[in-house]
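Single-structure report; data block below.
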Amino acid sequence: MSAGASATGPRRGPPGLEEATSKKKQKDRANLESKDGDARRVSLPRKEPTKDELLLDWRQSADEVIVKLRVGTGPVRLEDVDAAFTDTDCVVRLPDGRQWGGVFFAEIQSSCTKVQARKGGLLQLVLPKKVPLLTWPSLLKPLGTQELVPGLQCQENGQELSPIALEPGSEPRRAKQEARNQKRAQGRGEVGSGAGPGTQAGPSAKRAVHLRRGPEGEGSMDGPGPQGDAPSFLSDSATQVEAEEKLCAPPMNTQTSLLSSEKSLALLTVEKTVSPRNDPVAPVMVQDRDPEPEQEDQVKEEMALGADPTALVEEPESMVNLAFVKNDSYEKGPDSVVVHVYVKEIRRDSSRVLFREQDFTLIFQTRDGNFLRLHPGCGPHTIFRWQVKLRNLIEPEQCTFCFTASRIDICLRKRQSQRWGGLEAPATRGAVGGAKVAVPTGPTPLDSTPPGGGPHPLTGQEEARAVEKEKPKARSEDSGLDGVVARTPLEHVAPKPDPHLASPKPTCMVPPMPHSPVSGDSVEEDEEEEKKVCLPGFTGLVNLGNTCFMNSVIQSLSNTRELRDFFHDRSFEAEINYNNPLGTGGRLAIGFAVLLRALWKGTHQAFQPSKLKAIVASKASQFTGYAQHDAQEFMAFLLDGLHEDLNRIQNKPYTETVDSDGRPDEVVAEEAWQRHKMRNDSFIVDLFQGQYKSKLVCPVCAKVSITFDPFLYLPVPLPQKQKVLPIFYFAREPHSKPIKFLVSVSKENSSASEVLDSLSQSVHVKPENLRLAEVIKNRFHRVFLPSHSLDAVSPTDVLLCFELLSPELAKERVVVLEVQQRPQVPSIPISKCAACQRKQQSEEEKLKRCTRCYRVGYCNQFCQKTHWPDHKGLCRPENIGYPFLVSVPASRLTYARLAQLLEGYARYSVSVFQPPFQPGRMALESQSPGCTTLLSTSSLEAGDSEREPIQPSELQLVTPVAEGDTGAHRVWPPADRGPVPSTSGLSSEMLASGPIEGCPLLAGERVSRPEAAVPGYQHSSESVNTHTPQFFIYKIDASNREQRLEDKGETPLELGDDCSLALVWRNNERLQEFVLVASKELECAEDPGSAGEAARAGHFTLDQCLNLFTRPEVLAPEEAWYCPQCKQHREASKQLLLWRLPNVLIVQLKRFSFRSFIWRDKINDLVEFPVRNLDLSKFCIGQKEEQLPSYDLYAVINHYGGMIGGHYTACARLPNDRSSQRSDVGWRLFDDSTVTTVDESQVVTRYAYVLFYRRRNSPVERPPRASHSEHHPDLGPAAEAAASQASRIWQELEAEEEMVPEGPGPLGPWGPQDWVGPPPRGPTTPDEGCLRYFVLGTVAALVALVLNVFYPLVSQSRWR
């Protein structure tokens, strides 16, 4: 050939040669592209710029990197995109053959990566950083810096493997090129970089270790290489060692597992390389014996058919231990852990999960090509084994698993209810059976979010601490794992701790509200994952100005599981009734759905519900503006509005109320419910509405009317405010010490029968044999009949209850007598005249006492007559001790028996002491008889001021001795003289008594000594019947005239029921054997059952409220019922009973009472309600079901403050979809824009107002997702218009949602409590603020008027 020909020949060449060469290239290219899992790339010049063309943009945040690829102009189907990720690199293959990939600048969390489709033919990759807060200067590493981590070698059972020889005949020219390129010479190079031809087509997979049994004692023998030849093992060669290190030490993601066995196990190490065909370090398979002939033939056959030479021979009995499988896990409540293992196309017939107390093992086979490509040499018949050593013990018998199309779901039941904080046990503990486990250096699966949630990585400081804790664990492993566990960059350079980093937020145990799965028809998934600022369910609501009532209701309803799931995926649009005049045309339903999404996306710290408020205000003008309203009222209107928007009834028929007319209740109730559903049929009705039975009874004709009505919530009344009254109970016999009881009664509308009934149960005495009396100033103020009101009785008043003898028991008439005690001489000292105020000058001018009361003194009768008009109302004897009632049969009413009873009762309330006898005192027989008339006259004239007026001339004056001689200096005897009663509280003035000159008692009158001795008096047995009595007994008749009783021996006394008795103690010091007497605190025993009555006085239970709700009541006159039989309005008796209970039960505690426009009140008493297992079986008389109607609490609305101003908050949890006893998100406190976690024990407070209960084991079936035309076939062409209308409303509300700014802060503009104040308005409405302050000032003035005028009148009326 000529030179020119030789020069141009290679370019042009003969036509036949060029055509043959082109056809050969096309055939080779088609063969390579048709093979599944081929790791080789075809070096084509046109694919070199693919990477630059695909990469559109990338950006990073503190914890993730987002890469956007330009795929094309049309929609992208994620099913056709093949993406594989490791912690260091990735590769993305498109359906048209294009691909993108590379080695990242730093490590990522490959298990948390996401591939998302976007509008405009974009593909978005979300790559969570393994090291948060680490700034990446570039997305990919430069080509010259992608080096391996030196020093890692492959080992087996603690010994290094022999070096692997390079095959001499494997394209030496290519090997030289790879040797010059450090990046391509490593065992695992850049993936999909697209930097030049021949780049690897798939990602560098994690190292898999395959195990095969071999005879003990046999060494490793040659096996088939990539070309079908057995590689030889070289020894002590630098080149071989370097090749071994490059093969056995891939960076970061090499993971190896060893399976323990009784026989020796041979190690098979398989790794996908950069270029399987041309790489000099081709993967080999180490075996313990020569391959079988059948296997060798199979390998040759696969190579002849163009199979991948790097793939292992498929063996049905091979077992591959996996150190890591893509998974995540989360704790489902305190008792379970859910693990999701993401492997597709599982062969269910040969896959299973084995559970033990400390671990579980997943054994499976898969046909997923992407998974098999990550494990070279594995095929559909390969058995994979993944064993996880658990952090704590489990119950193997209660653990379950199930297979889905894309994953395996494993549910682990904890042995103890506690928080694990992670799934796997620390690496130093090893796996069960003695095998070592290579634990990933990244965060544990529980550190990631549950499925569907965004990543919540640790802060840099916490990540550094986590690495420091795991470093000694990795080093403590034996040498068998040194070549498996790769070091992370954190072990070289720990991130600098940031002192300003906030503490991590609580872990969310529930996935956020999921969106519809992305498909080829739907690529409009929101880009909200990158905007998350809080955990799902922790978004607050901004207070727009006294709108805390609305915020608390919305937060409670958003945690209603069925309602939340119903609105999350737009399937409710099929049920929107756009033509309902009572609704909003779907705007309220769609606005509520938009708000629910905002609360569960986690993209707002606080969201403004202004659009929903505007929609509600457009239908209910009372909610216009920013004034306070009742939360229950707003909740009822909101649910009713949602019901009307979702009402399935297009044309409501006319229905009438169904009455019983003697038919069975079951028939009438079902008929009434069906009639209600003819007009009201929606998801709100299915979820919230129940049915109760209303029974009306006419008081005149006894006509009974029974109807069945629906209810949305139960307004249960609270028991009225209670007061605790101390009651002193006296038994029928005086030898029993009085007992003090504490009885709770209502502050309003209480009667004496409540106290008598309560005491009757305590002392086991019939109520008709008890008498209740009030004591004021040591005398009976009044004796209550059972019907008498106790509203005017305060807890400080003294109430005595006496047991009386029953006439049925005595078989004769029983005499009941009131007895009061008083001294013969009052203990009040007299130092001056009551009329002229002149003090006593000398002994000759002694002041004379009034003989009626002995409490005042006068100079003469002139002063007495002058002072009588003023003294008349106060002239009464001085009483001491407590009065009491005695009941004696008429036949046994003797003086001795009466004296015995009186002395027995009196000793509990007075202290009596009789000093030793002194001979110098006057005897009774030596007294002048003239003084008897004086005393008799005085006694007859003694009485209350209510009797007939007495002229002053009829009164007698007695002359006491000088006050200096009254014995005021007398003291009690020493304590060693005998059992002297306590003198505490007894002053010297009380001991002083002025003796009366010449005024003795009746001569010769003696009273037999009662059987019971008076405390403080020491006497011998022979002198018991010889001493004088210590008191006298006087009879007081109906006209208040007193007469001293005489001892008639065994003859019964003649006393009527209209008289009373007075016990007069002989305390005149001038008389023989006088006594010292004074009042004392009543001696009594405390009732042990009343110890907690005071604490329970202000506490009620929900059962008590439900009992009041179901108790019959009489209708008020303005609510009178029209009796169809009497043809008149009657104040009938009405009773409500529960018949049908809903799935979600709302209970309103009626804390607010409105008596009038001015008089309003709120009850702040504690109502104890169960958080778990509210049993309503005793209140529900209707549905007889096998399962009891048990409910669990999931939300509470609280109200703080009073009627004028207050604040609403809410506590809620998100119950599990299948069990209301478990929570997917725990209890949180919603205080407007602030959301914090709370303990379940803090939910029950005295401020609870509205309770939300969810029924156990009674889920509500959601309606099937159908098109609007399918649900309403009668609409015809209007279905498309309705659907487009819903779409327009969605776009409008979502656009307004984006324009609404976020809340100003966690506390909102009004602080933690939004007491009434001016709302945040603009300057265009200044008059509204003035009007608001004017209204507030008026209300404050009315309150002050009530407190200053009406309250004193009410407080004084009780004393009248």
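Including glycine, each Cβ sits where the backbone N, Cα and C put it.
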Test of record reading: of S220, S448, S660, S1020, which one does Swiss-Prot tag as phosphoserine? S220
Taking the centre of the Cβ atoms of C850, C853, H871, C875 as the Zn(2+) 2 site, the remaining residues of that chain with Cβ inside 8 Å are R852, R855, V856, K872, L874, R876
From recorded positions C548, C850, C853, H871, C875, the one whose Cα lies nearest C859 (Zn(2+) 1 binding site): C850
In the structure shown, with every protein chain counted, which of the binding-site residues C833, C836 has the densest set of Cβ atoms within 10 angstroms of its Cβ? C833
Just to be sure I understand, if DSSP states are collapsed into helix, strand and coil, how many residues of the zinc finger (833-875) fall in each? 14 helix, 6 strand, 23 coil
Around the Zn(2+) 1 site recorded as C833, C836, C859, C863, what other same-chain residues have a C-beta within 8 angstroms of the site's C-beta center? A834, A835, Q837, R838, L847, Y858, N860, F862, T866, H867
By the DSSP assignment reduced to helix, strand and coil, which category contains C548 (active site, nucleophile)? helix
Taking every protein chain in this structure into account, which of the recorded positions C548, C875 has the most other Cβ atoms within 10 Å of its Cβ? C548
C850 (Zn(2+) 2 binding site) and C548 (active site, nucleophile), compared by Cα position, are separated in whole Å by 71
10 Å Cβ neighbour count around C859 (Zn(2+) 1 binding site)? 19
For H871 (Zn(2+) 2 binding site) and C548 (active site, nucleophile), what Cα-Cα distance in Å is obtained after rounding to a whole number? 64
Among C548, C833, C836, which are recorded as recorded positions, the nearest neighbour of C853 (Zn(2+) 2 binding site) by Cα: C833
Calculate the distance in Å between the alpha carbons (Cα) of C875 (Zn(2+) 2 binding site) and C833 (Zn(2+) 1 binding site), and round it to a whole number. 15
